[in-house]
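For reference, the structure discussed in these notes is given below.
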Amino acid sequence: HEHMETGNYSAVTEFFLVGLSQYPELQLFLFILCLIMYITILLGNSLLIIISILDSHLHTPMYFFLGNLSFLDICYTSSSIPTMLIIFMSERKSISFMGCALQMVVSLGLGSTECVLLAMMAYDRYVAICNPLRYSIIMNRVLCVQMAAWSWIVGCLNSLVQTVLTMVLPFCGNNIIDHLSCEILALLKLICSDISINVLIMAVASIVLLVIPLLLIFISYIFILSSILRINSAEGRKKVFSTCSAHLTVVILFYGSALFMYMKPKSKDTKTSDEIIGLSYGVITPMLNPIIYSLRNKEVKEAMKKVLSRHLHLLKI
């Protein structure tokens, strides 16, 4: 009858994030690693946004969505990595109750938004490859803005509902989070009352935001592949596929770690592997996004060269 005794506990005002703290010798290494990754994320994603704004050749739906993705990755990592860096270096690994709620709302909201946004990007690739002549008519500016806006709205609404429903429940003095950030699964483990409604909502959200977008991406790619296979020249096939391969790589990385975190059966104890996957989901994917997109795309490389040469030219003057 644990949940009958909620009255005896003082309210939780702060949480202690003890993820990976069982390896004290790794703290400095993790701090440096995450700091380098965070700087790379900020620089890489900012550069991609600036270039897609400055170069008129990149004023296309694909780069509009990519700009959204980069902005999202900057915000997503900024909600958790700075706290993580402080925690790696401090003795007292604490975060306030409100700070924790804020971190959860932002990271869950942006993670959810990314799920929807990646499906929108798959649809954009589908129209570009399977219906090229009508592409500019179908993917007009209004539709692109609406698609992006709905991604953000759906993601943030999901996050608000789940965070509020978690934070109003009693923690009964349990305030040690076995994770690197205020992640919803780690927090639900601390609650000492019935969480079946939270688990149900999370299951529904996982289906709506993980499984359905993934299905839509899968269907888009079946159509895309059948179109590519109909192209006669090997060179043409390669050219068309190269515009999709970047998106596909990002999808596999992002959904792979997200599905692993949210769809597998829950055990009471957090494994080190979960924390590593959490780290890859929160840090490595946002870092690789701009790298993957700029490496796989001639357009981005060309735009970078142009922007850089223009700036160097200005400096000489």
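Glycine residues also receive a Cβ, built from the backbone N, Cα and C atoms like all the rest.
TrEMBL labels come from automatic prediction, so no person has curated them.
Lifted from TrEMBL, the feature list:
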- 28-51: transmembrane segment (TRANSMEM)
- 44-293: domain 'G-protein coupled receptors family 1 profile' (DOMAIN)
- 63-89: transmembrane segment (TRANSMEM)
- 95-121: transmembrane segment (TRANSMEM)
- 142-161: transmembrane segment (TRANSMEM)
- 195-228: transmembrane segment (TRANSMEM)
- 240-263: transmembrane segment (TRANSMEM)
- 275-295: transmembrane segment (TRANSMEM)
In the same chain, who gets a Cβ under 8 Å from the transmembrane segment (142-161) while lying at least 6 residues past its ends?
61, 64-65, 68, 104-106, 108-117, 120, 123-124, 201, 205, 208-209
Stretch-level contact, the transmembrane segment (95-121) and the transmembrane segment (240-263), CB cutoff 8 A, at least 3 pairs:
yes
Contacting positions for the transmembrane segment (240-263) when only residues 6+ beyond its ends and CB under 8 Å are counted:
62, 69, 111, 114-115, 118, 121-122, 125, 128-129, 185, 202, 206, 210, 214, 217, 221, 224, 227-228, 231, 274, 277-278, 280-281, 284-285, 288-289, 292-293, 295-298
If you average per-residue pLDDT over the domain 'G-protein coupled receptors family 1 profile' (44-293), what number do you get?
88
